[in-house]
């Protein structure tokens, strides 16, 4: 039995190695493109936008619209709970590393941001799609005649929901709080950010030095505000009136505006796929074998979507190429790299992987019984920090040199061995949790 397990492990590890190496080779092509000048920074941004706005939505629609059903849609409610659990544990891990390394407030926020915001797009998506077609025992026994295409579609759906929740949190809490200078310690801050901080402080001091003007302004407001509401006016003068319908319409317009601000093309694509799944007749017409719509529209969307993953990896590799611009390293440069890598890829997995394992073994609820969900959960737990954090650090001029080195260690050095170990472990957990499938 021990010999059989050893052979099984070597076979699984070899299959995972092939899938991960395929991702690495495509990423190396992007790295070479940036090194040779074929893909400068501006071109990388254009390709990223094209991928997000066109190719990725096509991939999502082609994978989800064909295989989704109302039953599957109702089962994915567990993903927000999983997101909250992983985010909380990663947050605690980041805080622990910051405490151990004796970091200040800005450094702590930087480590926490890298710990909380893992990559749920490029690397996990490409690995999930590759592993869905290579690893054994990933079909779900609750779905009759489950296929590899269905496995890949479900894995993509799980990743997409996790990705959209993380995206909103990243650009709200991450951009405005965690990855922005607090001004508590100006030692690490670049000159432009120090100047910005001084200007803000000068404005605040100016406001504090003129309380009389503030009081007079407040008194003026207290006088004019009742007038705007129609109080204290002559009864013969017209009184502004807003009907209940107008108030409701304004609130609805405000809500729609805020909602659209959080929507993006991949999310629109997922919503369209869900809409198609709600109408089986439409789904049948779109994907009927040898049907007109299937052979024209659906095949065209599928071909466009097939470009998405290679482009994601090309841009990933090009982003890892060192920039010609030299960023100033801070005093605790090495500490920040160690804290971010351990807080993101090592410490959370020590808690999360056993929790996921126990849940899969003993809680047969919703998608917890789906083998590809276990693989996705393991990959997300140890995925490197999100590449999008580079964009945030550039916008806020926040530890840019440290962010570049963290991406190098996370993707170039650790992603291959960590992925092999974690996915192999996921397969063994599947065998332990569902011995009847082995």
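First residue shown is number 1, and so on along the chain.
The backbone N, Cα and C atoms fix where each Cβ goes, glycine too.
Annotation source TrEMBL lists transmembrane segment at 12-34, 77-98, 267-284, 304-324, 336-360, 372-394, 406-430. Residues annotated as compositional bias 'Polar residues' in TrEMBL: 205-223. Annotation comment: TrEMBL describes 205-235 as region 'Disordered'.
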Problem - Proximity of the transmembrane segment (12-34) to the transmembrane segment (406-430), 3+ C-beta pairs under 8 angstroms - result: yes
Handout entry: Any contact, the transmembrane segment (77-98) to the transmembrane segment (406-430), with at least 3 Cβ pairs under 8 A
Key = no
Fill in the blank from the handout: For the transmembrane segment (304-324), the distant same-chain contacts (Cβ-Cβ under 8 Å, at least six residues beyond its ends) come to 23, 26-35, 39, 41, 44, 47-48, 50-51, 54-56, 58-63, 121-123, 125-126, 129, 387, 390, 404, 407-408, 411-412
Exercise for the section: For the transmembrane segment (267-284), could you work out the same-chain residues 6 or more beyond its ends whose Cβ comes under 8 Å from its Cβ atoms? Expected result: 56-58, 60-61, 64-66, 68-70, 72-73, 157, 160-161, 164
